[in-house]
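Database features (TrEMBL):
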- GLU53, LEU61, VAL97, TRP382, GLY389, VAL390, ILE391: FAD binding site (BINDING)
- HIS168, GLY169, ASN170, VAL171, ARG212, ARG213, GLU224, GLY389: NADP(+) binding site (BINDING)
Amino acid sequence: MSRLRGALLAAIYRKASGRQALPGETAAALHDYMVPCSGEGLYHESAVVDIYEKLPVPFGLVRFGVAPDHPEVKNVINAFTQTAHHDRCSFYGNVTVGKDLSIEELKQAYHALILTYGAEANRTLGIPGENLRGVYSARTFVGWYNGLPENKNLNPELSSETAIILGHGNVGLDVARILLSPIDLLRKTDIAAHALEAIAASKVKRVLLVGRRGPLQVAFTIKELREMINLPDARPLLHPSDFEGIGQIVKDLPRPRKRLTELMIKAALEKPSGNEAERRAAASKEWGLQFLRSPMEVIPGNDGKWVAGIRLSVNKLEGLGESAKFVQTEDVEDLECGLMLSSIGYKSYPIDPSVPFDHQQGIIPNNLGRVLHAPGLYCSGWVKRGPTGVIVTTMHDGFETAVSVLEDVRSGALDVSASKGGYEIMEALLKQRGIRPVSFSGWEKIDNVEVANGEKAGKPREKLLDVEEMVEVASQ
Ligand SMILES: Cc1cc2nc3c(=O)[nH]c(=O)nc-3n(C[C@H](O)[C@H](O)[C@H](O)COP(=O)(O)OP(=O)(O)OC[C@H]3O[C@@H](n4cnc5c(N)ncnc54)[C@H](O)[C@@H]3O)c2cc1C
Ligand SMILES: NC(=O)c1ccc[n+]([C@@H]2O[C@H](COP(=O)([O-])OP(=O)(O)OC[C@H]3O[C@@H](n4cnc5c(N)ncnc54)[C@H](OP(=O)(O)O)[C@@H]3O)[C@@H](O)[C@H]2O)c1
């Protein structure tokens with residue numbers, strides 16, 4: 001039998017081990033997982049895994065999504081790095097699949113192709129004024145402060161006092177926290193230098209997070225809410241009337257929702273005393289949650305170009321619990337702001353006409369990671385499941401898809417009898433096309449430069465922002 005050759009299209013190396021993850025270990029290697037397919041467990045003793053990534057640097061949203069003030073979350077990079085150093089795993093950055101290499105070319109050169117390209121677009125509101133100046137998607141704003149090359153020139157307008165964030169998810173809370181954090185806290189993070197400078201000069205003092213449903217339907221989680229409540233120099237603004245009647249039902253909620261709701265109720269209803277009362281009174285910034293409001297129209301200012309506010313419909317809920325639906329009433333409400341961030345979720349795009357895509361759900365249709373009606377094609381991560389879930393959830397996707405690949409090898413559904421050329425064939429094509437792939441050791445050179453640049457500024461790293469420069473550094 002020839003060696004199983006698999007290509008993954010992503011920066012993230014997923015843990016695919018049959019064993020339990022150790023605490024703090026959220027990702028390892030596809031090949032760590034593989035024992036002979038004929039045996040009891042599932043792993044492959046000679047599989048070769050090549051990872052193609054469009055950026056010259058690995059780690060996807062762990063580098064470009066996870067908030068800079070959450071460095072502990074990024075420790076998962078250590079496990080990814082261990083995987084990348086395995087002698088049967090290779091990383092080829094700076095290669096865009098679907099552009100530099102086609103799906104068909106990859107299919108010809110590998111036995112299995114696993115699509116893990118995430119959700120790189122964002123949902124849009126579909127309301128008038130959405131494209132006014134001063135309105136940004138949270139995705140581009142996050143990319144901007146995290147040094148994503150394509151967003152480095154966003155230069156968001158931070159000269160007004162009130163910012164509105166649409167959406168009650170964790171990304172919304174990340175963005176609110178970054179806007180309101182004391183600058184000295186951000187200075188110690190790997191936030192991009194341009195963002196640090198802009199946030200230091202920002203006039204934003206008030207951030208309102210607007211959700212279309214109620215307190216029992218928020219999508220953010222307790223740790224992130226607690227961080228907001230305890231954010232230095234900022235006070236929460238929660239309206240007691242939003243929590244009327246909720247106290248009675250809270251005890252029957254599932255535990256995570258119960259604890260989250262109790263924390264919101266505490267922040268809304270309990271009058272702080274002592275130090276906390278003093279802290280809140282002295283705070284120069286504030287943030288609040290607005291419930292049961294749907295965006296209807298972004299209101300322009302007098303010049304017709306810049307955002308001046310948002311018109312919201314006042315909603316009511318139908319149904320109970322997390323699945324309750326919002327229904328718009330005839331009431332509307334206008335809120336003023338000079339900065340608006342739409343944080344209503346991410347979206348995957350189809351990568352190639354030959355790969356099935358469910359436009360409704362924004363995912364590649366699959367059965368346990370097997371792309372439907374496309375033998376040899378697999379998928380994992382947000383493009384498989386949709387843009388929800390934390391790193392651990394995404395890791396479990398990796399387990400599932402890896403098991404599917406290995407089961408298919410074992411059952412013969414995946415034909416690995418013919419030997420395949422793998423990267424050697426791709427290398428020739430990339431050379432012809434003038435593409436300079438970046439290896440993992442190339443990334444490690446970029447890493448060294450970034451860490452050294454960060455040290456000069458007292459930060460853990462200063463990310464390179466220019467793709468050309470990254471490729472240059474990697475090739476030295
Ligand atoms: C703003 C934000 C903050 C988050 N914070 C946390 C957190 O604190 N904790 C937590 O547990 N989870 C967090 N998450 C969730 C976590 O990041 C995701 O669960 C996880 O990254 C999804 O992994 P993925 O591989 O599907 O996608 P991604 O991480 O997006 O990886 C996809 C990769 O594919 C590459 N790619 C795209 N198109 C192509 C192509 N055509 N060719 C080659 N490569 C391509 C991309 O460059 C990217 O590197 C956060 C998510 C976001 C959006
Ligand atoms: N610290 C962390 O662990 C962390 C940090 C960031 C992200 N993440 C994870 O990454 C995933 C993505 O996060 P996310 O915040 O982008 O998405 P999300 O969790 O899906 O939240 C999206 C929010 O937008 C709202 N929304 C959707 N469409 C809307 C519309 N048309 N109009 C108004 N509101 C709309 C949703 O309301 P409805 O509920 O009514 O649809 C929801 O409140 C999540 O699983 C999240 O937990 C984790």
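We number each residue from 1, going along the chain as drawn.
Note that Cβ sites are derived from N, Cα and C of the backbone, with glycine treated the same way.
Nobody curates TrEMBL annotations by hand; they come from automatic prediction.
The structure, with features from TrEMBL marked on it.
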{"residue": "LEU61", "record": "FAD binding site", "Cβ contacts under 8 Å, 6 or more apart": "GLY118"}
{"residue": "HIS168", "record": "NADP(+) binding site", "Cβ contacts under 8 Å, 6 or more apart": "LEU209, VAL210, GLY211, ARG213, GLN217, VAL218, ALA219, PHE220, LEU289"}
{"residue": "ASN170", "record": "NADP(+) binding site", "Cβ contacts under 8 Å, 6 or more apart": "ALA219, PHE220, THR221, GLU224"}
{"residue": "ARG212", "record": "NADP(+) binding site", "Cβ contacts under 8 Å, 6 or more apart": "LEU292, ARG293, SER294, PRO295, ASN315, PHE326"}
{"residue": "TRP382", "record": "FAD binding site", "Cβ contacts under 8 Å, 6 or more apart": "GLY118, ALA119, TYR346, SER348, THR388, GLY389, THR394"}
{"residue": "VAL390", "record": "FAD binding site", "Cβ contacts under 8 Å, 6 or more apart": "none"}
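In this structure, the CA atom of VAL171 (NADP(+) binding site) is 14 Å away from the CA atom of ILE391 (FAD binding site). In this structure, ILE391 are the binding-site residues from HIS168, GLY169, ILE391 whose C-beta falls under 6 Å of some atom of ligand 1. For ligand 2, the nearby binding-site residues are HIS168, ARG212; that is, of HIS168, ARG212, TRP382, ILE391, these have a C-beta under 6 Å from one of its atoms. By a simple count of nearby Cβ atoms, those within 10 Å, the most crowded of the binding-site residues VAL97, VAL171, ILE391 is VAL171. In this structure, the CA atom of ILE391 (FAD binding site) is 16 Å away from the CA atom of GLY169 (NADP(+) binding site). DSSP assigns VAL390 (FAD binding site) to coil, not to a helix or a strand. A Cα-Cα distance of 30 Å separates VAL97 (FAD binding site) from GLY169 (NADP(+) binding site).
GLY169 (NADP(+) binding site) sits 27 Å from GLU53 (FAD binding site), taking the CA atoms of both as reference points. Maximum C-alpha to C-alpha distance over the listed NADP(+)-binding residues HIS168, GLY169, ASN170, VAL171, ARG212, ARG213, GLU224, GLY389 is 20 Å.
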